[in-house]
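Chemist: So that we are looking at the same thing, I have put the structure below in structure tokens.
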Amino acid sequence: MGSVVLVVRLVLADVRRHKAQALMLLLAVAVATATMALGLSLRGVSDALYEQTRAATAGPDVVALSGDTGPDVTAALTALADAPEVVAHHGPYRIVYADLTTRDSISSPVVVHGFAETPGAVNRPLVTSGRWVRNGGTVLERGFATALGVGVGDRVTIAGRSYPVVGIAVTAATSIYPWAAQIGPGGGPSDYTGLAWMTRSDAWALASAQDLPVTTALDLKLRDPARTEAFREAHPVSTVRVTFHSWQFKAQQDMVILRNSRPILVVGGWLLSFLAVTGVAALAAGRAVEQTRRAGLLKAVGATPGLVATVLLTEYLALALAGGALGLTIARLTAPVIASPTASRIGDAAGLTGATVATATVLAVAVAVLSTLRPTLRAMRTATVTALTVTAHRPRHRPWLTALSALLPTPLLLGLRLTARRPGRAVLQACSTATTVIAIVALLAIHVQPERGYGLGDSSALPNLRGEQDRLLMLTVTSLLIALAVVNTITLTWTIAMEARANMAIARTLGATPGQVSAGLSTAQLLPSLPGAVLGVPLGLGLLSLFSARNAVDPPLSWMLGAALATLLATAALTALPARLAARRSVAQTLSAEH
Amino acid sequence: MNVVVRVRGLVKEHGQGQSRVRAVDAVDLEVPQGQTLAVMGPSGCGKSTLLHLLGGLERPTDGEVWLAGRRVDTLTERALARLRRRSIGFVFQAFHLVEELSAAENVELPALLAGCSRREARRRAGDLLERVGLTARARHLPSELSGGQRQRVAIARALVNEPLVVLADEPTGNLDTAATLDVLRIFEDLRAEGQTLVIVTHDERVAASADRLVSMRDGMFVDDTRLAGTGTGWLGGLIGLEG
Amino acid sequence: MQDAVLAMLAKEPSHGYGLRARLRQSLGPLGESMNPGQIYVTLARLEKAGLVVSERAHGLPERPERKVYALTPAGQERVAAWLIEVDWPKPDLAEFHLKLVAAAATRLADPVELVAAQRRELLRRLREAQHALLAEPAGSPAALLLEGIVLRLQADLRWLAACEQAWSKVDREAEDA
């Protein structure tokens, strides 16, 4: 019990003394776990939203679609409705293929479903604003209406006729916008299409007046909703071509828009975790001397190595777990928005699954343990007396580096020697830079992918929502990665500056100018960044090729090299500030402090 | 005789407000070319601060510092750095060698900073290490050297650019008797060659080896004694066979 | 010094000039002022006291510097006793201390000034001893003696520093009063 009190007291005292570092650890872990948890929970949330929409709109278990119309089709579909597994049905109803134009002259393909003014037992679209269809008025599907920027009371032109929008509704009977068409005219492929409802007579009038393509659909409710596949197999329709869309298929279709979101978030989560590890490791390394001394003190007053390790680890673990919890909360709150980029689904995200929570927790613990393992082990192993008198660990001699640096100008020489002194830091910096470049390459790649707009004739008046979503997520993830990398670079530079201050002060007494000293410190960071930036480009392309479509376009080489160069320049700029601050310290003070 | 170091009304204050302390209080000093000057005093008397002011490591609150006829307290950091490179050699109590550089590389460092060629820097470092008796240790890291050896490396480093003046801050403070003697022997050689030296110390032996001794108390000079050329010949008279 | 000369003869009989050379080697610069005659005066006294005997080297005219001196049994005993004798020169600081007290009491002189003057003198001596020490080749026996003198002077100087501090405090208090 006493040792628990001691551990808690020591941990709290340390957190109070290093607030900024504690906050950084917390935020880094939160960002990484949020991204990761979001990526992992997208499917579940998307399914949950579909499920909730389905429940609210009496969504059909199976939609039978025929690319044609006429008595044969009606007969074949009606026969299906009489099947013993069917407990309820809606239709057959007409689907008219037309163009819709808003008053802002945005045009899009649209399918018009001809519905009764009183909805039936199956496929009862949920009106979210306005009212249900009546003659002369149309109801727009919410995802479509949102993309068009149209609300109740606006007028839209469908196939040349003007209709007032009397309501906005959602349905689980079709895929989300822009995949409302499900099949094209005659059963062929479909374009990006929105959904509108009209009364049966209006739909009929529209189709016949303009001689528009029409298909037929039938919504079915099964006794056992799970047996959609069995139903399809049990009822082969031979007379006409009928396509069956099960509710499972539609739920699956909802994920199409998230196809890239998942890898962006999951891979982004890994990269963020990686940066969090490097950043926290840099912090931990910077405090290693202090921690080792503290461990020595604890041992001197009789603490066991186990207790010492507990104190050191508890702090990081507690902060990482708090960060993990924060990240999960963020993921939980943002998941419905991210998982449903269109407004076609309603409902709230279900709670995070146990697997997601477990993964996020493991991630947080891994960040804490991986980044503090070395200092903790060192603190445990170092003999008590050595720990108490430790100032910095002894450098190792690297003759080849010495020989190499002898050929360089003075700032480079100082920088290279500093790099050589801390190979671990150099690796961290290289990894940090490589990760940043990977993210930027991915961002560039996403931006150069060709994409079709959702408007009429692939017009980009209606933006490609999936592309938008991908770009937004990529931009967010990249920004987070860059932010962490920036913090890492500053932390690393500052740590090195603090550790090298004695040497830098000596160099000053020997006549090195502050400029040379800060250039040396910057160089110490830039040198490992260089291979990091160079490696980042092929690594980024490699990572992309794992997830991107076969016809994906690589961004131009000049862009990627430019990105690598810009990263290096940014690193140089970032290191300049702490390096300059460190170089400005009074030489006399530094030297007397080192006595 | 040329005056190498000249100080007029030098004042240095540390701290702010109530806790303001005058570490150096209106000090005047002239050190002619070739003189070895020792500054003695209890710890905290301001002697190290004086040395830092002379070497441009700190800036005076008031007063002037002249080095070889050039006023240096008004120079920019950059210009001061250049000046240190060519005109000043520092020797510290804690040696202050760059731990990751070998002995020879430490000695080369100021030469390289001053723009010497690698070859020239290596030659000078070789000569100086030979002079301080460390040729065999040239490739060792400071951590592999004894305190006395480290201080000899530091002295060699201070000399590599043939400075106008060598400023030594408690050069024997961390050394045992034998190592102190080694350092004193090197200083004695430097004196013989006409190297100007300013040594801050609380070691009477080091102080007595100087040509001139200034005693400092509370930031001020309280005594200025010429030691050189005043041989008393008392040593020979110490021992007689009678009795 | 007589004991030292006796002890040098304990190993083997020697000429007077041999003894002098060995003494000078051991004493370094401290033995410089020893004139050649002194050793013979000492030897003559020792001979008179029955501690050494001299023997003329043959074939040469009878001159003191040609005599070979050797220990008598009494001399041997004296040497043995001298070697085990525990004795140490007394630190003689009382006189200077009393001088300072007197100066302060009579106000005839400033004790701080006296200390400073004494300090300057001791520093000059230290400088001389140190120079002599540095001039000695490595491993010379005289270096060790010089080192002892240097350390003694150093100790004295530290004592003077303490005196200076104490007497300036007395001074200040007197001024304040």
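Along the chain as shown, residues are numbered 1 onward.
Cβ atoms are placed via backbone N, Cα and C, with glycine included.
In case it's useful when we look at the structure, here is the feature table from TrEMBL:
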DOMAIN    A:25-234  domain 'MacB-like periplasmic core'
DOMAIN    A:269-382  domain 'ABC3 transporter permease C-terminal'
DOMAIN    A:477-586  domain 'ABC3 transporter permease C-terminal'
TRANSMEM  A:20-42  transmembrane segment
TRANSMEM  A:264-286  transmembrane segment
TRANSMEM  A:306-328  transmembrane segment
TRANSMEM  A:349-370  transmembrane segment
TRANSMEM  A:426-448  transmembrane segment
TRANSMEM  A:472-497  transmembrane segment
TRANSMEM  A:526-547  transmembrane segment
TRANSMEM  A:559-577  transmembrane segment
Chemist: Within the domain 'ABC3 transporter permease C-terminal' (A:269-382), what mean pLDDT does the predicted structure show?
Modeler: 80
Chemist: Would you mind listing the long-range same-chain contacts of the transmembrane segment (A:264-286), meaning Cβ under 8 Å and 6+ residues beyond its ends?
Modeler: 21, 24-25, 28-29, 31-33, 35-40, 42, 316, 338, 363, 366-368, 370-372, 374-375, 422, 424-425, 428, 431-432, 435, 438-439, 442, 470, 473-474, 477, 480-481, 484-485, 487-488, 491-492, 494-495, 498-499, 543, 547
Chemist: What does DSSP give as the helix, strand and coil breakdown of the domain 'ABC3 transporter permease C-terminal' (A:269-382)?
Modeler: 94 helix, 0 strand, 20 coil
Chemist: For the domain 'ABC3 transporter permease C-terminal' (A:477-586), give the DSSP counts of helix residues, strand residues and coil residues.
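Modeler: Residue counts for the domain 'ABC3 transporter permease C-terminal' (A:477-586) by secondary structure: 94 helix, 0 strand, 16 coil.
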